[in-house]
Amino acid sequence: MDWAAPALTSFVADSSYRHLCCYGAGIAGNVFAFVLFISPLPTFKRIVRNGSTEQFSAMPYIYSLLNCLICMWYGLPFVSYGVVLVATVNSIGAVFQLAYTAVFIAFADAKQRLKVSALLAAVFVVFGLIVFVSLALLDHPTRQMFVGYLSVASLIFMFASPLSIINLVIRTKSVEYMPFYLSLSMFLMSASFFGYGVLLNDFFIYIPNGIGTILGIIQLVLYAYFRKGSSEEAKLPLLVTHT
């Protein structure tokens with residue numbers, strides 16, 4: 001039927017445009033995530049230069065490693081179809097977090113080295129159990145739900161971690177420990193993957209990244225409000241905490 005041809009052409013065009021927007025959002029999310037992954041480099045340069053981990057904590061990197069591994073697993077075809085950009089960004093993130101943890105272990109004192117090594121081993125044990133359960137005991141739809149809910153919980157917990165920084169900014173009325181470009185990158189990454197998840201209609205992607213987007217906006221608003229009261233620019237990466 002001749003009337004069907006324009007409708008089909010319009011449908012194909014809309015689908016292609018949606019796919020292009022989805023791919024673009026995913027690529028943008030990967031780029032902004034990479035900025036976040038390299039943000040701790042000045043901290044580890046300092047650790048290597050001083051030959052000591054000082055008062056820095058390895059916990060953000062240990063947790064980020066587990067988060068990246070879970071989300072990477074969710075993005076693989078074994079678990080989900082069509083979300084390969086989730087797998088790529090988190091595989092890169094896992095490599096960075098593992099490298100940071102290895103450097104931390106190399107320069108930590110004996111007590112910290114033992115503790116962090118045990119935590120690192122625990123991360124791989126937990127991830128191994130997740131892989132085993134999802135592959136050996138669950139069919140594909142149930143597997144996607146299982147790993148998806150784990151990734152949502154993991155991402156929400158990770159996005160909630162800056163709440164302590166937000167609280168510090170409000171209490172001190174200073175953005176010294178909330179770097180602007182890091183906050184901006186977190187917002188842009190979350191917003192990009194929120195759009196990616198919406199376009200894919202993937203609940204497990206757009207819900208946690210929607211929360212991350214809101215938290216990113218809050219950080220940027222606080223930065224704009226308290227910036228004039230700060231005597232200097234932020235000093236430490238957002239993901240680094242002190243013990």
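Cβ from N, Cα, C; glycine included.
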Query raised in the report: Do K111 and M145 share a side of the membrane, as Swiss-Prot has it?
Result: no
Query - Spatial neighbours of the topological domain 'Extracellular' (81-89) far in sequence, C-beta under 8 Å, 6+ residues away - result: 23, 26-27, 29-30, 33-34, 71-72, 74-75, 193, 196, 200, 202, 205
Query raised in the report: With pairs 6 or more apart in sequence, are the transmembrane segment (90-110) and the transmembrane segment (180-200) linked by at least 3 Cβ pairs under 8 Å?
Result: no
**Report entry** Sequence-remote partners of the transmembrane segment (118-138) [C-beta within less than 8 Å, at least six residues beyond its ends]
**Finding:** 58-59, 62, 65-66, 69-70, 73, 78-79, 101, 105, 146-147, 150
